[in-house]
Every structure is written in C-alpha cells, then in structure tokens.
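Worksheet: the structure to be examined is printed underneath.
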Amino acid sequence: MGTQDLQGFLFLLFLPLLQPRGASAGSLHSPGLSECFQVNGADYRGHQNHTGPRGAGRPCLFWDQTQQHSYSSASDPQGRWGLGAHNFCRNPDGDVQPWCYVAETEEGIYWRYCDIPTCHMPGYLGCFVDSGAPPALSGPSGTSTKLTVQVCLRFCRMKGYQLAGVEAGYACFCGSESDLARGRLAPATDCDQICFGHPGQLCGGDGRLGVYEVSVGSCQGNWTAPQGVIYSPDFPDEYGPDRNCSWALGPPGAALELTFRLFELADPRDRLELRDAASGSLLRAFDGARPPPPGPLRLGTAALLLTFRSDARGHAQGFALTYRGLQDAAEDPAAPEGSAQTPAAPLDGANVSCSPRPGAPQAAMGARVFSTVTAVSVLLLLLLGLLRPLRRRSCLLAPGKGSPALGPSRGPRRSWAVWYRQPRGVPLPCSPGDPQVEGSAAGYRPLSASSQSSLRSLISAL
C-alpha cells in the first residue's frame with residue numbers, strides 16, 4: 001500500500017471521530033427543493049413576480065420600466081444580476097434577500113422584500129417562534145455585537161449541538177432536533193433583522209429564531225446521504241486564510257454526480273481537489289484561475305475525498321456544490337446541455353492522450369476528407385511553384401507591403417495580438433493612428449502573456 005493509499009485509509013478510519021458531537025453529517029435537506037444557495041438569495045433566478053408566494057402580496061414592476069430607480073435592466077446590460085424584461089424578484093444590490101420594485105404607495109414605499117419559500121439555502125431550517133418560556137432551542141446561548149450566521153454556527157458546533165439559531169441580530173442559541181419537534185414555524189418574513197456583524201445577512205427577528213444545521217460551513221464531514229450540499233469552510237461568511245479542510249463523500253451508488261452552484265476563490269493558490277477515496281488518485285482540481293465547468297460533473301467512483309486549501313491571503317465567498325449518488329456509472333447517458341463528463345484519470349499536469357471514440361464514423365470521415373483536401377492543395381501549390389519560373393511571371397504580391405489582413409502590428413516585439421471581448425464591456429484605449437483596430441477592438445483587450453504563449457504553442461502544433 002502506497003503513502004497516498006495509507007493516508008486516505010487513515011482519514012476515512014478516523015473521520016467519524018472528528019465529527020462534532022451530536023452532528024448529523026449529510027442530513028441537509030434536499031437541495032432539489034431550493035432555488036438559492038447564498039444566504040441572501042443573490043443567486044435567485046426563479047420566476048416569482050409577487051412579494052408573496054403563489055401570487056400573494058403586491059405585483060412587482062418590470063425591471064425594464066424602472067429607469068427612474070437605481071436598478072433596472074439598463075443598469076445590468078450583461079445580466080449579471082439577473083435583471084431584464086421581466087418582473088421577477090431579484091437581489092441586485094446584495095441586500096439581505098430578494099426584492100422588487102412595486103407601485104409607489106401613499107406612504108412613499110416603492111419596493112418590498114419577496115417572501116420566496118424555495119429561496120432558502122439548504123441547511124436553513126426556517127424561522128421559528130421563540131417565546132422564551134421555554135426557549136425554542138434549549139442549549140447554551142450567547143450574544144455578540146459582531147454576530148454573523150457562521151459565528152453562531154461555529155459556537156454551537158464547538159458545543160457539540162446539531163442546530164444553531166440566530167435571533168434579533170445579536171443573539172445565538174444552540175439546540176437539537178428534539179427542540180424542533182415542539183417548535184412553531186413563523187412566516188419567513190418575520191426573520192428580518194440584519195446581523196450586527198454582516199449587513200448582508202439576516203439573524204432572526206424580535207422573538208423569532210432563524211435556525212440552521214451546524215454542518216453548514218464546517219471544515220470537515222462524512223457525507224453518506226443519497227444527496228446533499230457541501231459548502232466551503234465558514235460559509236455563508238467568506239473563507240479565511242490558511243484553511244485546510246476535507247470532506248468524505250460516500251452516498252449509496254456506484255458513481256457520483258457533482259454540480260457547483262457557486263464557485264469564487266481568491267486566486268490560483270486557493271485550491272479544491274477531488275480525489276478517489278480508495279486510491280487517492282487526483283480526479284479533478286479547481287482554483288481561482290481554473291473554475292469548474294458549468295453543469296454536472298459525473299465521476300466514476302463511489303467514494304470521493306474533497307480537500308480545500310487556502311493560502312495566507314485567502315479571502316473569498318468560496319463554493320457550494322450539490323452531490324448525488326448514481327446507482328450505475330452509466331446512469332443518465334444523455335447528459336443535459338452544459339454538462340461535463342469527467343474522466344477518471346488525473347488531469348492536473350498529466351499528459352492526456354486522445355483516441356477516436358467508437359461510434360463516431362462521421363468525425364473520422366470528416367478527418368479523412370480534410371486530410372485529402374490538404375494533400376491536394378499542397379500538391380497544387382508545388383505545381384504552381386514549378387510553373388512560375390517557366391512562364392516568367394512576376395509575383396502578384398510583394399512581401400512586406402501593406403497591413404496584414406488580420407490587423408496591423410501592435411509593436412516591434414509583437415507581430416500579432418489576439419483579442420477577446422471583455423465581459424463588462426469596458427472600452428480600452430487603442431494606440432493612435434490605428435482606426436481599423438480602434439473600431440474592431442473596442443470592448444476587447446489583449447490576452448495575457450501566458451495565454452498568448454499557450455496559443456502560439458497550439459498554433460505551432462497545428
């Protein structure tokens with residue numbers, strides 16, 4: 001047994017001993033019922049267009065008709081905040097929950113929060129009434145003027161409890177699932193107090209307790225439920241520096257499917273690795289410069305080990321991923337658009353060889369036609385080269401005269417440049433005297449030096 005195998009075996013052997021006392025790892029509510037994975041619903045892209053659920057409350061105004069306000073479809077041309085020619089609830093300003101503009105009332109109110117039952121991150125159990133006699137959560141409690149959701153979660157996790165509740169913006173309570181059996185749910189909008197330690201989070205309300213599972217944002221865990229959610233450490237707060245966390249995934253089934261709902265790492269030195277738990281072999285690795293592809297990742301392993309490390313300067317929102325076990329490695333062979341099939345071989349720094357897939361005759365035929373056309377073209381060029389001196393015809397094109405067809409040179413050391421569209425459409429200055437480039441490169445910027453080098457290598461290999 002190799003060193004990596006031994007480390008993986010010891011980790012899986014002792015991982016149950018590392019679990020918080022009383023924690024029910026892998027017990028997060030089904031992620032399929034949630035449309036939000038951020039605590040403030042900034043990622044909500046659903047279709048509720050009233051301030052209340054199922055058509056209740058006031059109707060929302062269309063975002064393309066709110067130019068008189070701070071946020072409209074005109075202020076979000078790239079759709080980064082989800083605004084457009086619709087009237088669905090959104091959270092473009094990082095408020096505590098999604099909202100929308102409404103027809104102004106006599107009191108001067110022109111916007112309201114949206115009560116969206118499906119927009120609560122997995123691990124949030126709801127808003128509960130706390131009458132104080134007895135308390136909704138019967139464990140230890142405390143107060144803090146710097147309270148955030150994760151501060152309370154960490155406190156209750158250290159105390160060995162399953163649940164954490166935040167109240168009135170500054171109070172934290174701990175408890176167990178037996179407390180919820182006698183608890184009474186309150187409307188979601190009753191938990192409307194901003195956390196004293198974070199203006200973008202809600203920490204319960206007056207006599208109202210926002211309850212979470214302590215496994216949210218934990219630095220380790222052993223997940224065996226058929227499906228669930230794994231958050232980066234300290235979530236929903238930003239992860240901190242020098243974090244070294246591991247999670248073991250072993251749901252029932254022969255394979256795994258992961259879907260990243262959020263992914264924001266500070267730089268390439270903050271890294272998330274996916275390894276086969278049995279062999280320790282690296283399956284995939286992502287960092288601040290190499291995010292995961294959109295859509296589900298299917299891994300042909302039944303047990304997975306995730307490790308996350310941040311450097312001394314690490315500080316970002318982190319990630320949220322959903323997982324589910326597949327009974328068969330070939331389940332759902334027709335992957336939905338945008339999904340990515342993941343090979344079981346290491347891809348990080350490895351030489352990957354590709355071979356034609358069986359059952360792709362059209363691609364093979366296309367390659368043969370291309371090779372034939374290329375060979376014929378080369379022969380014709382050679383024949384023309386032999387005929388030119390015999391016919392004593394001069395060249396029609398004088399080398400070095402005129403601008404290259406793809407654009408003039410950008411400097412003495414760089415004979416060509418590649419441009420890509422800048423996502424936010426910020427125009428970049430062009431060198432004077434290049435009207436053609438100024439017209440075509442507006443909204444574009446040059447690739448980085450490393451990308452230019454990689455592209456040159458690719459072109460040289462063709």
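Every residue, even glycine, has its Cβ placed from backbone N, Cα and C.
Keep in mind that TrEMBL annotations are predicted by a computer and have not been checked by a curator.
Taken from TrEMBL, the feature disulfide bond covers Cys36-Cys119, Cys60-Cys100, Cys89-Cys114, Cys127-Cys191, Cys152-Cys172, Cys156-Cys174, Cys195-Cys203, Cys219-Cys245. Under the heading domain 'Kringle', TrEMBL lists 35-119. For 121-215, the entry in TrEMBL reads domain 'WSC'. Taken from TrEMBL, the feature domain 'CUB' applies to 219-326. Annotated region 'Disordered' per TrEMBL: 330-358, 427-447, in sequence order. The signal peptide feature in TrEMBL is assigned to 1-25.
Mean per-residue pLDDT, taken over the domain 'Kringle' (35-119), amounts to 89.
Looking only at the disulfide-bonded residues Cys60, Cys114, the densest Cβ neighbourhood within 10 Å occurs at Cys114. Cys245 (disulfide bond) sits 38 Å from Cys100 (disulfide bond), counting Cα to Cα. Only Cys100, from the disulfide-bonded residues Cys100, Cys127, Cys191, Cys203, place their Cα within 10 Å of the Cα belonging to Cys114 (disulfide bond). Checking Cα-Cα distances from Cys191 (disulfide bond) against the disulfide-bonded residues (Cys36, Cys60, Cys152, Cys156) with a 10 Å cut-off leaves nothing; none qualify. Relative to Cys89 (disulfide bond), the disulfide-bonded residues with Cα atoms inside 10 Å are Cys60, Cys100, the candidates having been Cys60, Cys100, Cys156, Cys219.
Close to Cys36 (disulfide bond) in the fold, though at least 6 residues off in sequence, lie Asp43, Tyr44, Ile116, Thr118, Cys119, His120, Met121, each with a CB less than 8 Å from its CB.
Under DSSP, the residues of the domain 'CUB' (219-326) split into helix, strand and coil as follows: 0 helix, 57 strand, 51 coil. DSSP assignment over the domain 'WSC' (121-215) gives 19 helix, 34 strand, 42 coil.
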